[in-house]
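Worksheet: the structure to be examined is printed underneath.
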Amino acid sequence: MTEESEAQTVSVPKRPLQSRAGLARARRIVVKVGSSSLTSVAGGISDEALTSLADVLAARRQQGTEIILVSSGAISAGLAPLGLSRRPSQLSTQQAAASVGQGLLMARYTEAFGRHGVTVSQVLLTVEDLMRRTHHANAHRAMERLLNFGVVPIVNENDTVASHEIRFGDNDRLAALVAHLVKADALILLSDVDSLYDGPPSAGARRIPEVTGMQDLEDVRIGKVGKAGVGTGGMVTKVEAATIAAESGIPALVTSTENAAAALAGEDVGTWFTTRGVRQPIRLLWLAHLARIQGSLVLDDGAARAVGERRRSLLPAGIVAVEGHFEPGDPVALRDTSGRVLAHGLTNYASDELPKMLGRSTKELAKELGRGYERSVVHVNDLVILHPHGAGAGEQAPSRTGQSDGTAATLGA
Ligand SMILES: Nc1ncnc2c1ncn2[C@@H]1O[C@H](COP(=O)(O)OP(=O)(O)O)[C@@H](O)[C@H]1O
Ligand SMILES: N[C@@H](CCC(=O)OP(=O)(O)O)C(=O)O
């Protein structure tokens, strides 16, 4: 990730929806449906589940709301035709299954929406498509055109070509980025559970009706894998995705596929994540929540304050240790000496050239090693603060953008 791959920042002119009741009037909604709602390992695609979702979404499309559907299920739908009895762990087998299943899934959607006179299209995305400026602009343009035509774009990760390194891995977070891409009014995440509970659903678990910040999630126990055996991230990735959306100014609702109609009507179902903060550049959302962190820079107290409180670029003089192996441009964590992650940033130097620079001024380094060493280690524009220095472990970082004043952006993490 380099500066040329920076995606465009556009501010949202309209006011975000204030409550789930506003969904009834929303003009553009991203709906994500998980494998567990559409498919089973044994039976492949459930016609009944897919058709009833298509009925609900097509009806809303016919009323004039633009709908973008992010649908999982390709891998799961491709298992039976390949004679596989469970979800494979090998990437190439997942890719093969997705390649078979995606076509089947689209055929069913085309038919189910087509019954209502609604045209659908297939949009397969990779991380690169959303992070690189030119790809991002392309994806945005194509999506807008499709929506202008009244089409319902059906989005999935391009599983057949995405490698481990560049994979989103789950469609929940992909859906959050798609909501950001199309500047949706809301994101609805549908799965097999009707809301977020204070623990994995069981008798006695309490529904969480609304999440306004990280403090509402402190006592929530979230299971990683859903019970159906076909989903990938369980509730964890749904909460992450809803948080990413909420932190970039898009409210999110987590509920079950059965509740899709009620959710779109603005009824009191599911868990509503209220917006915090304003729209963030997609690159910063990626850096905060999605980037594969390659190593750590340990900051002395002065540097931790400069970065974590005063939002300055990180200079070599304030670094006391380097951990991991990384190249220039890679995402790294910035920690204080207690191990707490203060920020994520893109490093200007590789891990093997940093040790000789630690604790030294940029002037001194430039004189001794050349002009190339005058740069900061992490520039403020490539930095996102997750926990301001000194904030308690459970404290929520205040959400704000700081780009215009030359300081780093802060996102609640
Ligand atoms: N705290 C929680 N609240 C609600 N559901 C939870 C919680 N912890 C774990 N889950 C599980 O998450 C599952 C949904 O995730 P998953 O199966 O990955 O869905 P999908 O395939 O639709 O993306 C539910 O079946 C539920 O059992
Ligand atoms: N892209 C994959 C889905 C990955 C995924 O996120 O699945 P899920 O947790 O069911 O939303 C597929 O179509 O099978």
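If you go along the chain as it appears here, the first residue is 1 and each next one adds 1.
Keep in mind that glycine also has a Cβ here, set from the backbone N, Cα and C atoms.
What you are looking at is a predicted structure, and each value in this text was computed from that prediction instead of being measured.
Annotation comment: TrEMBL describes LYS32, SER191, ASP192, THR232, GLY233, GLY234, MET235, VAL236, THR237, LYS238 as ATP binding site. Summarising the annotation, TrEMBL assigns substrate binding site to SER72, ASP159, ASN171. Feature annotation from TrEMBL assigns domain 'PUA' to 295-374. The region 'Disordered' annotation in TrEMBL covers 389-413. Summarising the annotation, TrEMBL assigns compositional bias 'Polar residues' to 398-407.
Overlay of TrEMBL annotations on the structure.
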{"residue": "LYS32", "record": "ATP binding site", "Cβ within 10 Å": "29"}
{"residue": "SER72", "record": "substrate binding site", "Cβ within 10 Å": "30"}
{"residue": "ASP159", "record": "substrate binding site", "Cβ within 10 Å": "25"}
{"residue": "ASN171", "record": "substrate binding site", "Cβ within 10 Å": "29"}
{"residue": "ASP192", "record": "ATP binding site", "Cβ within 10 Å": "19"}
{"residue": "MET235", "record": "ATP binding site", "Cβ within 10 Å": "26"}
{"residue": "THR237", "record": "ATP binding site", "Cβ within 10 Å": "24"}
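The substrate site in the record is lined by SER72, ASP159, ASN171, and its two most distant CA atoms lie 11 Å apart. LYS32 (ATP binding site) has its Cα within 10 Å of the Cα of these binding-site residues: SER72, ASN171, taken from SER72, ASP159, ASN171. Taking a Cβ distance under 6 Å to any atom of ligand 1 as the criterion, the binding-site residues LYS32, ASP159, ASN171, ASP192, MET235, THR237 reduce to ASP192, MET235. Of the recorded residues, ASN171 (substrate binding site) and ASP192 (ATP binding site) place their C-alpha atoms 15 Å from one another. Using Cα positions, the member of the binding-site residues ASP192, MET235, THR237 nearest to ASP159 (substrate binding site) is identified as THR237. SER72 (substrate binding site) carries neither a helix nor a strand DSSP state and counts as coil. Rounded to a whole number, the distance between the Cα atoms of SER72 (substrate binding site) and ASP192 (ATP binding site) is 13 Å. Per-class residue totals from DSSP over the domain 'PUA' (295-374), listed helix then strand then coil: 26 helix, 23 strand, 31 coil. Checked against ligand 2, the binding-site residues LYS32, SER72, ASP159, ASP192, MET235 give SER72, ASP159 in sequence order as having a Cβ less than 6 Å away from one of its atoms. According to DSSP, LYS32 (ATP binding site) is assigned to a strand segment. For the recorded site, ASP159 (substrate binding site), the DSSP three-state label reads coil.
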